[in-house]
Amino acid sequence: MYFLYVGVFGALGGMCRYAMNLWLGGGDFPSATLAVNLIGCFLLAFLMQFLAEKSRISLVILNGIGTGFIGAFTTFSAFSVDTIQLVQSGAWLFAVSYVLASFIGGLIMVKFGRMLSNKLLNRGEHRVS
């Protein structure tokens, strides 16, 4: 059953990535790949923490979402190819900017995803000092 969920969610994630490519693709900078990777970092951090603690969704479906959807939506291989293409075309500033935005931005998006999840999970709690 796990493979079915990963496959179904993977197909949806791949279609969403393709749609983002159509919407943001083109130009000299790989903005579509950067966008899907940053969104994916946020979604993985948020959804995996929030859904695991708050919902009744089974672990099999959670893994399908994380491995399938987010895995197919994000792309390290396209990031790597895009970076090499920027370097080979002499666009060093774009290449360095892209690498920094991807890594630093990814970490920031994970932090935001976890912060939002924590905020929503702790929303109804009242602490007595």
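Even glycines carry a Cβ here, placed using N, Cα and C.
In Swiss-Prot this protein carries:
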BINDING   Gly71, Thr74  Na(+) binding site
TRANSMEM  3-23  transmembrane segment
TRANSMEM  32-52  transmembrane segment
TRANSMEM  59-79  transmembrane segment
TRANSMEM  90-110  transmembrane segment
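Within the same chain, the transmembrane segment (3-23) packs against the transmembrane segment (59-79): three or more Cβ pairs sit under 8 Å, each pair at least 6 residues apart. Remark: Thr74 (Na(+) binding site) has Arg17, Val36, Asn37, Gly40, Cys41, Leu44 as non-local neighbours, by Cβ distance under 8 Å and separation of at least 6 in sequence. Its Cβ placed at the centre, Gly71 (Na(+) binding site) has 18 other Cβ atoms within 10 Å.
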